[in-house]
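Report on the following structure.
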Protein chains: 4
Amino acid sequence: MTQGIKIVTIGGGSSYTPELVEGFIKRYHELPVRELWLVDIEAGKEKLEIVGSLAKRMIEKAGLPIDVHLTLDRRAALKDADYVTTQFRVGLLDARAKDERIPLSHGVLGQETNGPGGLFKGLRTIPVILDIVKDMKELCPDAWLINFTNPAGMVTEAVLRYTDHKKIVGLCNVPIGIEMGVAKLLNVDHSRIRIDFAGLNHMVFGLDVYLDGVSVKDKVINLLSNPENSSFVKNIKGQGWEPEFIRALNVLTCPYHMYYYKKDEMLQKELKNFKDGTTRAEVVQKLEAELFELYKDPNLAIKPPQLEERGGAYYSDAAVRLISSIYNDKRDIQPVNTINNGAIASIPYKSAVEVSCVITKEGPKPIINGDLPVAVRGLVQQIKSFERVAAEAAVTGNYDTALLAMVINPLVPSDKVGKAILDEMLEAHKEYLPKFFQKVEA
Amino acid sequence: MTQGIKIVTIGGGSSYTPELVEGFIKRYHELPVRELWLVDIEAGKEKLEIVGSLAKRMIEKAGLPIDVHLTLDRRAALKDADYVTTQFRVGLLDARAKDERIPLSHGVLGQETNGPGGLFKGLRTIPVILDIVKDMKELCPDAWLINFTNPAGMVTEAVLRYTDHKKIVGLCNVPIGIEMGVAKLLNVDHSRIRIDFAGLNHMVFGLDVYLDGVSVKDKVINLLSNPENSSFVKNIKGQGWEPEFIRALNVLTCPYHMYYYKKDEMLQKELKNFKDGTTRAEVVQKLEAELFELYKDPNLAIKPPQLEERGGAYYSDAAVRLISSIYNDKRDIQPVNTINNGAIASIPYKSAVEVSCVITKEGPKPIINGDLPVAVRGLVQQIKSFERVAAEAAVTGNYDTALLAMVINPLVPSDKVGKAILDEMLEAHKEYLPKFFQKVEA
Amino acid sequence: MTQGIKIVTIGGGSSYTPELVEGFIKRYHELPVRELWLVDIEAGKEKLEIVGSLAKRMIEKAGLPIDVHLTLDRRAALKDADYVTTQFRVGLLDARAKDERIPLSHGVLGQETNGPGGLFKGLRTIPVILDIVKDMKELCPDAWLINFTNPAGMVTEAVLRYTDHKKIVGLCNVPIGIEMGVAKLLNVDHSRIRIDFAGLNHMVFGLDVYLDGVSVKDKVINLLSNPENSSFVKNIKGQGWEPEFIRALNVLTCPYHMYYYKKDEMLQKELKNFKDGTTRAEVVQKLEAELFELYKDPNLAIKPPQLEERGGAYYSDAAVRLISSIYNDKRDIQPVNTINNGAIASIPYKSAVEVSCVITKEGPKPIINGDLPVAVRGLVQQIKSFERVAAEAAVTGNYDTALLAMVINPLVPSDKVGKAILDEMLEAHKEYLPKFFQKVEA
Amino acid sequence: MTQGIKIVTIGGGSSYTPELVEGFIKRYHELPVRELWLVDIEAGKEKLEIVGSLAKRMIEKAGLPIDVHLTLDRRAALKDADYVTTQFRVGLLDARAKDERIPLSHGVLGQETNGPGGLFKGLRTIPVILDIVKDMKELCPDAWLINFTNPAGMVTEAVLRYTDHKKIVGLCNVPIGIEMGVAKLLNVDHSRIRIDFAGLNHMVFGLDVYLDGVSVKDKVINLLSNPENSSFVKNIKGQGWEPEFIRALNVLTCPYHMYYYKKDEMLQKELKNFKDGTTRAEVVQKLEAELFELYKDPNLAIKPPQLEERGGAYYSDAAVRLISSIYNDKRDIQPVNTINNGAIASIPYKSAVEVSCVITKEGPKPIINGDLPVAVRGLVQQIKSFERVAAEAAVTGNYDTALLAMVINPLVPSDKVGKAILDEMLEAHKEYLPKFFQKVEA
Ligand SMILES: [Mn+2]
Ligand SMILES: [Mn+2]
Ligand SMILES: [Mn+2]
Ligand SMILES: [Mn+2]
């Protein structure tokens with residue numbers, strides 16, 4: 001291998017890429033990236049050109065010797081890679097719009113990660129990820145796969161169960177967002193806050209929270225029972241928990257918990273968006289269009305501040321922080337998706353969990369904090385069952401299994417409704433679901 | 001101890017008692033009952049007299065030397081008992097009507113065992129059961145407690161966690177009803193059918209089903225995917241499963257699963273009943289009134305056939321069968337609620353489960369059939385979490401814990417709605433919830 | 001399939017066969033055997049003829065329509081079999097003599113099942129068993145394999161881990177021997193005694209013991225603390241437990257426990273036998289020679305009583321009882337070796353355990369009795385580790401793995417001594433260990 | 001609380017104290033100790049004076065404002081302590097000599113931590129530790145107990161099971177010794193080596209070993225299979241592992257493993273020492289006498305280099321490092337004894353384990369590395385069973401339980417020999433075992 005690190009970013013034409021590039025620039029002193037390969041598919045070629053040019057300008061401005069490569073040839077990019085990040089969206093935002101709108105048309109939350117929408121996102125994404133892993137086994141078997149692509153929990157579960165590539169980490173900005181939110185609540189610097197995270201992706205809890213190492217959980221829970229403070233992430237801001245409920249729960253929740261503990265209110269809100277044409281996908285489509293207009297400006301050589309509104313705040317920063325900790329064997333603590341191995345007793349031993357880990361050169365190692373509270377084990381188990389059945393459906397292309405995943409999802413109110421949604425979504429996403437349709441055609 | 005067996009039935013004035021008496025008469029040859037004590041409270045005195053007189057006439061007609069005692073003095077009855085059965089309803093059917101109607105008034109299924117209604121039934125019942133157990137430890141420490149009282153799973157969980165009386169069995173007629181239903185489906189005698197039951201009370205699955213010892217699961221699942229055949233118990237007859245769903249689930253369901261896998265349809269149906277004044281409690285109130293009219297007839301000396309419409313078919317038969325198997329160390333297989341001890345890997349080791357057991361003189365011993373299918377583990381875990389938190393609330397009288405139980409219930413759509421239901425129900429059941437109100441008064 | 005049952009007995013020339021035949025005759029009314037195929041290898045041809053002729057005379061005398069077939073063609077025999085029993089000894093008693101004498105020559109107990117001798121018995125036997133299973137998958141995939149061949153625990157573990165044939169039961173006469181012993185101690189009929197067995201083969205404990213369903217454990221433990229009563233099986237009669245020790249252990253032991261809890265005394269005794277040429281193998285060789293002389297008598301048409309001294313008392317009876325319970329879906333309780341599935345919490349979920357099971361037409365289902373006492377978990381785990389590593393060595397033929405199995409065995413005092421024994425035994429059994437030597441030759 | 005940290009060292013008159021003091025001096029910049037209380041009992045008064053005076057001279061020489069207090073009043077010392085370290089020996093080295101010599105007189109290894117000697121050390125020590133914890137709950141409930149006193153695993157287990165004081169860490173120098181040894185083997189600085197430790201105290205394994213974060217396990221195992229390199233700790237230097245054995249074991253061992261995997265050789269060596277009067281206790285008695293002669297020198301104001309021969313190398317350094325990481329919430333990785341909570345799947349969830357932990361201000365949190373290799377689970381479980389039964393005996397003073405602990409120890413060859421050793425040791429240590437003798441006297 002030549003000097004320096006080779007990074008491959010699949011879905012490199014994503015609007016998030018400038019943040020990632022900014023991350024590499026900021027950490028260049030500890031993470032000497034030599035090559036950054038931005039990979040995309042034919043349909044994303046134009047975006048790749050736009051964002052790739054911006055990336056090159058940013059690096060040039062920073063005066064760093066990082067070579068940026070833009071390519072549609074994934075296998076060429078993967079050859080001898082050190083770290084592969086994935087941030088693609090099969091079917092782009094149009095598919096997300098369907099993931100959200102079709103369930104809503106049946107009066108059901110789409111929830112594009114752990115809900116019916118997430119099921120379809122998984123069905124489209126998992127086969128592609130498994131394909132990437134297959135290429136990696138051949139072209140860069142020692143590389144780490146850092147997966148940002150949602151549903152990150154289901155994707156990590158699928159890679160753990162259906163491949164023998166162990167070097168995968170699933171990454172999400174929700175935990176870091178909670179830390180940031182707590183820091184803001186307490187009016188202290190983020191670096192002074194540490195949280196024991198445990199659960200699943202978008203179903204993660206903060207079992208304890210520390211300020212300078214001393215537990216401040218009671219104080220934080222108390223602050224959280226104030227409706228003003230209940231949500232940490234902008235795009236699904238809620239109305240606040242019932243104080244007695246959050247006090248009895250006695251752990252920090254994540255924003256996605258509102259889909260389960262405030263299902264009705266969330267549904268009403270999203271039905272309104274559905275009617276107004278302002279579902280999240282639709283909002284994001286506009287945001288993205290604006291972002292790419294900005295990116296085109298040949299004078300722009302920094303990450304534009306508007307990107308922060310996109311919703312993926314800290315995402316790429318989290319990724320670069322993770323890669324640097326692996327590369328440098330930092331042994332610091334970061335919350336990531338990895339194999340459970342007993343970290344959470346009530347989750348199957350070999351399943352993916354989202355949990356605070358020590359990040360070493362050999363990857364993340366979960367830290368033990370005891371089991372989840374009894375009260376949340378049921379919901380967590382339910383999402384884990386959903387993830388496992390959904391992953392199986394994605395791998396097999398089996399209709400019955402897909403229906404089963406749909407119906408056991410806690411947002412879906414009945415087998416009949418679930419089947420109606422499933423059938424409509426299968427049809428809508430047909431071109432991205434070859435496993436489900438090739439058999440019919442054969 | 002003198003000759004023969006002493007049975008104590010708490011809630012002896014129940015309309016079910018004639019069935020129980022019939023069971024003792026039928027099995028007298030193998031279960032020589034000497035004394036049957038029917039115990040009730042002051043408010044149930046009249047019913048106790050009516051049903052007790054019928055019981056005496058039935059036994060006289062059968063020509064058996066069983067002494068029937070009617071009493072309001074529970075402690076006197078418990079002295080030296082061999083088997084104690086419980087079939088009482090704290091607050092009677094009026095309370096059940098509230099358990100069903102208050103949640104429905106908020107657009108939520110009440111579900112009087114595993115839903116918000118079941119939570120309140122548990123909050124009223126568990127302290128009474130724990131009191132009975134306390135008396136038993138003093139007056140008949142070697143007696144078996146056979147608990148019919150719903151929510152039987154939650155009650156069994158509470159006794160296992162909060163007492164050191166290990167001789168408890170929770171009993172339900174749902175599994176035997178499923179067996180009967182399968183026998184009817186296959187048009188064979190019940191004795192030729194065996195089912196491997198595993199799960200929780202009213203959340204039990206048939207993992208496999210055998211005809212003369214040979215698995216016929218595929219055939220039965222296939223028959224069940226026919227809408228005509230989907231429900232085995234009269235009082236919550238549904239519309240049938242989506243065939244692909246039940247095929248993918250690949251286990252036998254119980255009728256109560258419709259509350260979770262057909263939530264919408266069940267809710268619509270019950271909202272209609274709510275409006276019409278024909279919720280189950282209201283129907284049963286009428287049935288009971290008619291039954292007691294029948295029971296008063298001094299010429300009646302058998303269990304009247306109308307009792308079967310009451311919904312507790314096989315209940316008392318199941319109880320007498322269980323007592324006989326314990327008494328005779330029969331080592332036959334019966335599905336009961338008992339301590340898990342690893343029978344179901346994904347349920348906590350020390351929790352109550354409903355599972356096929358070998359019934360020995362030392363009580364039920366679970367048979368291992370492997371873990372639950374992945375797809376159902378989540379829902380089962382969720383009900384178990386609910387049962388545990390609800391049992392804790394019943395024991396502590398803590399408002400926050402009760403709210404937590406309410407909100408984590410899969411039928412409850414949000415913390416806000418849950419709180420509204422909780423507050424209204426606490427007020428409605430105030431007189432039966434001393435643990436929650438004594439503190440306020442103090 | 002034609003009418004009646006087809007039984008195949010591999011190792012049919014064994015001196016135990018007449019007992020097996022007697023079992024089939026006694027139970028013919030409930031187990032209508034049509035064909036009994038006795039299979040052996042070329043080296044056992046003469047014995048097969050002798051014992052086969054006796055079998056035919058026994059069946060003729062009983063007037064039963066069972067066809068006895070003698071053959072060296074295993075595959076012909078297996079075709080369409082219903083039950084396959086295995087009772088062979090790779091290398092015959094000469095090999096057993098080496099299993100015992102070589103370790104003793106190094107001052108170490110050979111213990112032909114769980115000790116260094118058992119390791120080598122496993123290394124010779126497991127490949128043959130896996131070969132039989134391979135044939136069964138092809139020729140009689142629905143047949144049950146009833147394995148008597150020692151080390152039965154290790155063999156069952158190997159079949160469970162290294163094949164996908166689930167219809168295997170490992171069988172041992174030790175538990176039934178303990179029941180018989182307890183019945184004798186208490187001077188009651190065997191049918192009135194039931195024991196909750198749990199552990200591993202030759203490492204099984206009686207967690208509780210019942211007379212007519214009522215626990216008499218305390219009484220039995222007390223009787224067992226009398227040195228006169230301590231051992232139930234003739235061939236390894238010991239000197240009795242220290243009363244305080246057995247009282248604190250508080251479970252029934254099996255005779256093989258003396259190798260671990262009385263290692264020194266057992267070693268002294270066996271070293272004497274070693275010197276005198278009276279190790280068990282040598283004694284048995286004489287017994288067998290005498291038995292075959294008896295068997296040759298053309299007037300003999302019953303199982304000769306001298307067979308009982310051979311040490312396998314109840315073995316064949318246990319086998320026929322087991323086959324009949326499977327065939328008739330009896331659902332009675334029998335202790336057998338089968339997959340754990342959580343029956344014993346401290347043993348891996350998918351490992352073989354010896355445990356009381358309900359015997360159904362679909363095979364044995366373990367009954368749960370809670371975990372093993374803390375005090376015995378260590379030793380049980382140690383034997384399980386030994387079994388697993390030994391099975392791996394048998395399958396791979398890896399020298400290092402075989403050495404590891406040897407050294408972690410609790411009877412082996414050091415890596416150096418273990419290596420010396422291993423090397424000498426590998427050489428001595430060379431012709432029966434092709435997996436270990438083919439590579440060297442290649 | 002006033003400024004700075006209050007440390008209490010129970011057994012302050014120990015010869016190790018100067019090392020501890022040196023540690024506090026070295027780390028004063030990050031660990032501002034204000035008060036160091038050295039506590040001992042009447043019998044240790046003279047040593048306390050000697051070592052305390054040296055401590056004062058060392059601190060004075062370092063020019064630090066640490067107040068050293070010498071006292072026999074434990075409760076006065078504990079008041080408002082921040083960290084309590086324990087390094088006492090009930091019965092002093094005379095007791096250790098008996099722990100070693102009595103078993104040897106029966107031909108059995110004494111092994112003063114995990115063997116029969118360790119059992120008695122535990123029986124003497126645990127009641128004293130539980131007493132200290134009781135005082136701490138009253139006088140300094142938020143203080144950390146850092147226990148050096150052997151058998152550290154058994155002591156930690158006892159505190160976890162029999163008290164509700166969760167702030168305990170058991171500490172041993174063996175893991176750090178292995179790290180130092182590996183560093184030396186590889187000729188690199190200690191700071192570049194990290195090992196994933198997992199197991200029990202004095203029964204710990206290195207599951208993987210890293211140089212600068214990259215696994216070098218294969219290389220190290222290979223080096224270890226060279227007899228020259230096999231042992232890392234001076235005082236039980238062995239002869240080296242059989243290369244094939246250590247390769248198949250495929251984990252790093254600790255020096256104490258020689259007692260189990262080289263039992264014979266260790267026994268021969270110790271029997272020779274027994275005869276020569278050179279058992280470890282006897283050697284240490286001489287060393288200690290010499291050390292105290294040195295300590296008396298009023299001109300000595302440093303830790304004398306001869307202390308390193310005492311065997312506790314790195315012990316006190318490990319302790320100060322641990323205290324500093326807790327105090328400063330360093331989140332670095334250190335191997336300590338703490339509650340398992342699932343870190344090692346095959347060890348009970350609530351038991352003490354010795355495992356690599358992240359050290360936070362709220363204490364150690366185990367890092368997950370997957371389960372122990374199959375081959376070592378048995379021995380580890382056996383020691384854990386021994387520790388648990390021994391701890392129970394220590395708490396109850398029950399003779400039968402003590403005998404059970406003795407007999408299940410892997411070094412003890414039979415119940416008879418175990419009983420003989422037990423009886424002789426109980427008598428020999430009578431004055432330190434009030435729980436066992438008060439009842440007899442009563
Ligand atoms: Mn995310
Ligand atoms: Mn029921
Ligand atoms: Mn056997
Ligand atoms: Mn140590």
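The backbone N, Cα and C atoms fix where each Cβ goes, and this holds for glycine too.
Those TrEMBL annotations? Automatic predictions, nothing curated.
Counted within 10 Å of its Cβ, the other Cβ atoms near B:Arg96 (substrate binding site) come to 23, all protein chains included. Residues or ranges marked as substrate binding site by TrEMBL: B:Arg96, B:Asn150.
Every protein chain shown contributes to the tally, and the Cβ of B:Glu112 (site 'Increases basicity of active site Tyr') ends up with 26 other Cβ atoms within 10 Å. The site 'Increases basicity of active site Tyr' feature in TrEMBL is assigned to B:Glu112.
The Mn(2+) binding site annotation in TrEMBL covers B:Cys172, B:His202. Mapped onto three states, the DSSP output places B:Cys172 (Mn(2+) binding site) in coil. Non-local neighbourhood of B:Cys172 (Mn(2+) binding site): B:Phe148, B:Ala152, B:Asn201, B:His202, B:Val204, B:Tyr315, B:Ala318, B:Asn337, B:Glu354, each in the same chain, at least six residues away, with C-beta under 8 Å from its C-beta.
Per TrEMBL, domain 'Glycosyl hydrolase family 4 C-terminal' is recorded for B:197-412.
For B:Asn150 (substrate binding site), the number of other Cβ atoms no farther than 10 Å from its own Cβ, over all displayed protein chains, is 23. In the structure as shown, the Cβ atom of B:His202 (Mn(2+) binding site) sits within 10 Å of 25 other Cβ atoms.
The two recorded residues, B:Glu112 (site 'Increases basicity of active site Tyr') and B:Asn150 (substrate binding site), show a Cα separation of 8 Å. In the three-state DSSP classification, B:Arg96 (substrate binding site) falls within a helix. Across the domain 'Glycosyl hydrolase family 4 C-terminal' (B:197-412), the model assigns an average pLDDT of 92.
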